Amino acid sequence: MAPAKWLIASLAFASTGLAFTPEDFISAPRRGEAIPDPKGQFAVFPVSKYNFDTKDRPSGWNLLNLKTGDISVLTTDADVSEITWLGEGTNLLYVNGTDSVKGGVGIWISDAKNFGNAYKAGSIPGAFQGFKLAKSGDKINFVGYGQSTTKGDLYNEAAIEKPVSSARIYDSLFVRHWDAYVGTQFNAVFSGALTKNGNKYSFDGKLKNLVQPVKYAESPYPPFGGSGDYDLSPDGKTVAFMSKAPELPKANLTTSYIFTVPHDGSKVAEPINKRNGPRTPHGIEGASSSPVFSPDSKRIAYLQMATKNYESDRRVIHIAEVGSNKPAQRIASNWDRSPESIKWSSDGRTLYVTAEEHATGKLFTLPSDARDNHMPSAVKHDGSVSAFSFVGSSKSVLITGNSLWSNALYQIATPGRPNRKLFYANEHDPQLKGLGPNDIEPLWVDGARTKIHSWIVKPTGFDKNKVYPLAFLIHGGPQGSWGDNWSTRWNPRVWADQGYVVIAPNPTGSTGFGQKLTDDITNDWGGAPYKDLFKIWEHVRDNLKYVDTDNGIAAGASFGGFMINWIQGQELGRKFKALVSHDGTFVGSSKIGTDELFFIEHDFNGTFFEARQNYDRWDCSKPEYVAKWSTPQLVVHSDYDFRLSVAEGVGLFNVLQEKGVPSRLLNFPDESHWVTKPENSLVWHQQVLGWINKFSGINKSNPKAIKLSDCKVEVIDHEAGSYFDY
């Protein structure tokens, strides 16, 4: 380790103890979407909880009473990977990952009131998920997805012979995407049917691949696609799915289409919004998402962006008639928000949509025939919405949400009425005890061009008459935000309860504050966002007397990691005692190694070879910037990060070490852009929090705060000093 003066200021900081620890954070129960039964009496949701003693994560399913809010255990069988309502009373279909077919799954039918009394309806010969069901005569038609072979069969990894060579050969992009190299198999939506014999349903094992007949199509689209990428019409006859435009280069453009196809696959799927097609509004050629059929199965609502290479363009609601050549209608197209999901009311007259607004994921309603200037109405609820479903045939919805202060909020919301709380995790889980909205507040500051929002997150037991070091956290994206939602990776409450006041800014480039703020970061990564951050820091220094900026730290991931590297070479870098850069770009020209070229080609106004000056403009590795480096910096980068190569982190660490800047590299060979495995997450928190606590003085003021020595992973240290010491 290079010798250096690691100075710690000895200040009388407020000591918070450790109300919310990384262990609490990682081991707290994690609950999924609550899905109500057809009559709106009960909802089923998954739950899991990591155990540090046994090193496993037991999982199961619970039943939520929508009248009382009471929760009961439905099953603790970890092999049950998915449950959905059959559409008949309290009958359920569930998927069991252990099956007689090696590598396959079993389809089981049960009743929520007597779950143990289940029967097997059939087997599917491969991994399969995302069931959607609809009655069609005496059958229940279904769709779901798995991976497809090039021939169109459901891919079963257990049945594939291992090739004698490990070579990969590519003639087009992608080569790798997010955390994996692209192979010959691809995602596809398959259809099938359950047939009723007496009182029981059975599945004959026959699946129809609805995607493979369209050459180069894929749905759901990786890495984050899921069941929201397709839908089954209520009459069970038609399927809609989203795929990237098959005829266009996928790594360079975001253009995608909504396809429709008969459930039985009797015709090849066709796009309803092909660019320059007769049904597509003029100039609309961006990414499509969230197809959903109307209750009468005659219309499809979907979202689409305009720009063909911009993943953060504004989404606009479109409605197309099934089987018609009429152009799709744009709904509330002047609304300066970007919807994320849609559902129809039972009468088809109202759309319920989610959209981010001012750092909160909100639920809105609007008429399904709304004109361009219509402004949707917000529905009252707590926290941010992650999913919602209608309660029976009413206008009320069951919201699955979360917030900065709770990882699960189940509530009933009805337009024009107060929300009704069912279950809030922070009021039940001992790991979340003491968390609440009182420690969170918004902050608005004049930025480089407009007012900029931040969150102030205070530690448990906060005392305004005491002083707390600043933790300045910069989000990724850059087109993203610090929202009022729970993060399972970078969670401001964990940082705050080390003894900090967290400031989480939403500078230029952030989403949810109007499309202009999002767009304004284009080709300006180190410009307006940096100025915004500096102005926020100055405001905190001058106005928040309970925040000690002299002993503050700054940290960020992805774009936030880039910004930390940029700050290190700028004036703001001298304002912090320590920095943490997680998966941030370092060398401007290295961006060409990313997977999604459309991202950099949009954000830097051209290709790597045609607009090279734009890539070099915000190059953190320029000698004039590196010459200013002096703030201790922790670098985090993992091997499976194919969005930003691990070489970026290693190169950054190389320069920090050669310059003699106190520094450390944290690397995970089995993680990607995100660190998600529980034991790795614990080490991440021990190293990141231990690093900032060492330099901020927290370790002296709060004996219970995390120290670097708390991590039991051995440090690799082979040298006595810096290159420049000799």
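Note: Cβ is positioned from N, Cα and C throughout, glycine not excepted.
Feature annotations, courtesy of Swiss-Prot:
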ACT_SITE  Ser558  active site, charge relay system
ACT_SITE  Asp641  active site, charge relay system
ACT_SITE  His673  active site, charge relay system
CARBOHYD  Asn96  N-linked glycosylation site
CARBOHYD  Asn252  N-linked glycosylation site
CARBOHYD  Asn485  N-linked glycosylation site
CARBOHYD  Asn605  N-linked glycosylation site
CARBOHYD  Asn699  N-linked glycosylation site
REGION    268-292  region 'Disordered'
SIGNAL    1-19  signal peptide
Which sequence-distant residues neighbour the region 'Disordered' (268-292)? Criterion: at least 6 residues beyond either end, Cβ under 8 Å.
210-211, 213-214, 217, 228-231, 240-242, 245, 254-261, 300-308, 310-311, 313, 315-316, 318, 320, 324-328, 330, 339-344
Measuring CB to CB from Asn96 (N-linked glycosylation site), give everything in the same chain under 8 Å that is also at least six residues away in sequence.
Asp77, Asp79, Val80, Ser81, Val105, Gly106, Trp108
Quick check: of the recorded positions listed here (Asn485, Ser558, Asn605, Asp641, His673), which one has the Cα closest to that of Asn252 (N-linked glycosylation site)?
Asn605
Considering only the recorded positions Asn605, His673, Asn699, which fall within 10 Å of Asp641 (active site, charge relay system) when distances are taken between Cα atoms?
His673
By the DSSP assignment reduced to helix, strand and coil, which category contains Asn699 (N-linked glycosylation site)?
helix
Using Cα-Cα distances with a 10 Å cut-off, which of the glycosylation sites Asn485, Asn605, Asn699 are near Ser558 (active site, charge relay system)?
none
On a C-alpha basis, identify the one among Asn605, His673, Asn699 that is nearest to Asn485 (N-linked glycosylation site); the candidates are the recorded positions.
His673
From the Cα of His673 (active site, charge relay system) across to the Cα of Asn605 (N-linked glycosylation site), what is the distance in angstrom?
24
Taking only the Cα atoms, work out how far His673 (active site, charge relay system) lies from Asn699 (N-linked glycosylation site), in Å, as a whole number.
29
